[in-house]
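Student: Mind having a look at this structure? Questions to follow.
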Amino acid sequence: MANKTVDTGSGRRIFGDASWALLGQLGSGVVLLLGTRIITELVSPDVYGQVALLTGVVALGVAIFAYPFICAGMRLLPECQEREQRSGLYRAVRGLAARSSFVAMVCLALGGAAYCRRTGFDPWLFGVAALLFAATVHREIGIQLLIGERRQREASLWQTSDSILRPLIAVLLVWHWGANGAWVLLGYACASIAASAVRSLLHRPKRSEKFRGQAPAESRNRKREIWAYALPLIPMELLSWFSGLGDRYIVGYLMSAADVGVYAAAYTLTNEAFNRSAMVLLRTFQPVYFQHFSAGRKPRAFKIFWIWLACVAAMGAGGVAALVLLKDWVAALLLAETYHSAAVLMPIIGAGCALQALGVVAAQPLLAEKRTRLMLFGRSCGAIAALVAIPLMVQAYGLIGAATAAPVYFGCEALIMALLARPWRMIGAAGREALCPTPGATRC
């Protein structure tokens, strides 16, 4: 059957995708900054540190129990040309993520109960964290699959509404009930539930678009394909989480919850700025790159990859330079006075975030070729570098050491990913294929 999809490489389509992705990231980012400013005025660094640690636990659950299946869905989506195939893929991804998320919530409940019994920690915090985890998984599956279909407008509106409601409801609860970390987490959870409910009401599928079912054999094959792609990503996501958020737990163990609060405030502002910029580029270029690669259009995929890499490098260099010049102004504008000591950490953390974004792009050829086991090796090297660097540097230099460790381990990971993917090897192959194209040739 003829492929009725539009030309995925048209400049107008890419520009439209980028515009909606940018709108979503800018809107949610501005609200996040305002929310961070207000919340740091209302809660102490100690309470903010508790919130940062528990949201890190939620992020760990999402990374291990949901994101591998989401990534599999994103990669396999360009290969599903028929509506029934896409519906079957969505159903399989949601089913696998739901079952694994249930296991995660059981683990969180049991682990939280044991931790609270031993330390006297408030068990209510873990209960709210479990609710936030479930709401976040549902949101991420919906948004990421929309992005995979290049429905950037719907994804951006969903993300922006969620991001607006999160700090708004959290601030209202803290204002009314007091400065307790549980109210902040509950506000985040209620916001995600509300945004998802509004999305479901406004975008109900038509009868003709509802899933009519697949043959049992086809459904089993699809699930096996998802598992084969996702399984190596599970430990890889764990390692990635440790590289990105493990430092706050080491700071909490070696220093205090208040130090975690100051460090997390600096890391949140800096990482969000870099991460959202990189996410605009990811949402713009990754679906196009995967679609060209799956269709066998290697020269176009190759060109998209290098444009993407150049944009990320320019974004990182500009962001670090801006933070070096404006760090004190940013801290005074966006953080309460008790958090202003975090200003000195921002340019250092920014360098780490820029290298992390480069590493993500450098690894894309491995994802396109479905060589996820090599990605696992690269992430393992980055996590080992983090495991060695963070404790040593925190013990020696405190919070400055924790920040300085980020460029070290993210730089190691980016270098190893580039050596594994070797994107430069495509230069000769892409040139030959442009001269003598082979129809339908893909290397997957």
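Heads up, the Cβ atoms here are built off N, Cα and C, so glycines get one too.
Pulled from TrEMBL, these are the listed features:
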TRANSMEM  20-39  transmembrane segment
TRANSMEM  51-76  transmembrane segment
TRANSMEM  96-115  transmembrane segment
TRANSMEM  121-137  transmembrane segment
TRANSMEM  157-177  transmembrane segment
TRANSMEM  183-202  transmembrane segment
TRANSMEM  226-244  transmembrane segment
TRANSMEM  250-269  transmembrane segment
TRANSMEM  304-326  transmembrane segment
TRANSMEM  338-362  transmembrane segment
TRANSMEM  374-394  transmembrane segment
TRANSMEM  400-421  transmembrane segment
Student: Looking only at the recorded stretches 51-76, 96-115, 121-137, 304-326, 374-394, which one has the largest tally of CB-CB distances under 8 Å to the transmembrane segment (226-244)?
Tutor: 51-76
Student: By a Cβ-Cβ criterion of under 8 Å, what residues six or more beyond either terminus of the transmembrane segment (96-115) are in contact with it?
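Tutor: Same-chain contacts beyond the flanks: 57, 61, 64-66, 69-70, 121, 123, 125-127, 129-130, 133-134, 137, 141, 223, 226-227, 230.
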Student: Which sequence positions outside the transmembrane segment (304-326), separated from its termini by at least 6 residues, show Cβ-Cβ distances below 8 Å to it?
Tutor: 9, 270, 273-274, 277-278, 281, 285-286, 288-289, 292, 346-347, 350-351, 353-355, 357-358, 361-362, 364-365, 423, 426
Student: Count, for each of 51-76, 121-137, 157-177, 374-394, the Cβ pairs lying under 8 Å from the transmembrane segment (400-421), and report the range with the highest count.
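Tutor: So the stretch in question is 374-394.
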Student: Could you give the residue numbers and ranges of same-chain residues that sit at least 6 residues beyond the transmembrane segment (374-394) on either side and whose C-beta is under 8 angstroms from one of its C-beta atoms?
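Tutor: Contacts of the transmembrane segment (374-394) (Cβ under 8 Å, skipping residues fewer than 6 from its ends): 232-233, 235-236, 239-240, 242-243, 246-247, 250-251, 254-255, 359, 363, 366-367, 401-402, 404-405, 408-410, 412-413, 416-417, 420-421.
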